[in-house]
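If you look up Swiss-Prot, you'll see GLY19, PRO20, THR21, ALA22, SER23, GLY24, LYS25, SER26 marked as ATP binding site, on the strength of sequence analysis. Residues or ranges marked as substrate binding site in Swiss-Prot (evidence: sequence analysis): THR21, ALA22, SER23, GLY24, LYS25, SER26. Among the features that Swiss-Prot reports, site 'Interaction with substrate tRNA' is placed at THR105, ARG127, with the record citing sequence analysis.
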Amino acid sequence: MPLPDLSTLSADQPVLIAGPTASGKSALALRIAERQGGVIVNADALQVHHAWRVLTARPSPQDEARAPHRLYGHVARGTPHSVGHWLREVTPLLSGQRPIIVGGTGLFFTALTQGLSEIPEVPAEVRARADALREGDFARMQADLGARDPETSARIDMANPMRVQRAWEVLETTGRPLARWQADTPPPLLPRSRAARFVLEAPKDWLAPRIARRFRQMLDQGALDEARAALPHWDAAAPWARAIGAPELIAHLRGEITLDAAEEAATRATRQYAKRQRTWFRARMRDWTPVPPGSA
């Protein structure tokens with residue numbers, strides 16, 4: 001398949017590239033940067049973590065030498081990082097050399113191009129209570145939110161535990177409905193109309209063997225060594241521990257499963273993650289330019 005037509009892009013037009021894991025996003029970003037110039041900026045919540053270069057498929061040192069890269073591997077283990085942190089980090093990069101923003105975290109792109117509500121962070125104590133209530137009595141959480149915040153309840157999928165918990169946490173933390181916070185969303189940093197927007201298509205039958213092949217390559221390139229270095233600090237609930245494949249490799253290092261079983265489980269988890277990404281992109285990026293499989 002051909003590369004997307006670059007002749008329609010001006011050299012200073014921001015570029016956004018989204019797509020599921022293992023679909024070739026980074027390769028496409030690098031080709032555009034080498035042909036037209038620009039700074040490649042990470043928009044993947046997993047690739048910000050310093051602990052995982054191989055396991056999150058961050059660009060290699062060789063690729064980083066071919067074009068400037070920003071916001072990769074800059075977050076230390078245990079350091080909080082959210083979409084709000086990312087927006088603050090990306091802001092100065094929008095006014096310098098043309099940014100080529102690439103990643104698989106749909107929320108980053110939505111916040112960048114549509115704005116982000118300035119909702120205070122949920123305290124750990126509230127999050128713990130919310131987790132316990134959702135897991136122990138989700139019906140009670142639904143009823144409580146419905147009674148105290150009918151405005152938000154009418155707008156969200158009340159059968160979705162994560163959506164309900166988020167709205168409940170915001171109400172508990174701020175005393176204000178999530179719907180009202182969202183209504184006060186500030187203007188976006190980069191309106192969609194200003195950027196060239198590409199989303200990589202990755203049908204599951206095409207992507208599945210790529211995922212399996214890539215995880216095998218990760219093992220060959222040192223993913224197990226990364227997990228071994230992380231083992232003394234392991235906290236399964238920590239954001240940095242959410243790297244796909246990390247829990248499985250840690251389980252192997254602890255003697256709980258074989259390496260073959262870890263590889264199979266990690267590959268399966270990656271396929272499931274890619275499915276969630278495809279669902280997000282189909283729902284929210286219908287006006288983005290599709291890039292056929294293999295174009296990158």
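Every residue gets a Cβ built from N, Cα and C, even glycine.
Listed in sequence order, the residues of the same chain lying 6 or more apart from ARG127 (site 'Interaction with substrate tRNA') and placing their CB within less than 8 Å of its CB are GLU169.
Counting other C-beta atoms within 10 Å of each candidate's C-beta, the binding-site residues GLY19, GLY24 are led by GLY19. Calculated from their C-alpha atoms, the gap between THR21 (ATP binding site) and THR105 (site 'Interaction with substrate tRNA') amounts to 10 Å. Counted within 10 Å of its Cβ, the other Cβ atoms near SER23 (ATP binding site) come to 28, all protein chains included. The CA atom of GLY24 (ATP binding site) is located 15 Å away from the CA atom of THR105 (site 'Interaction with substrate tRNA').
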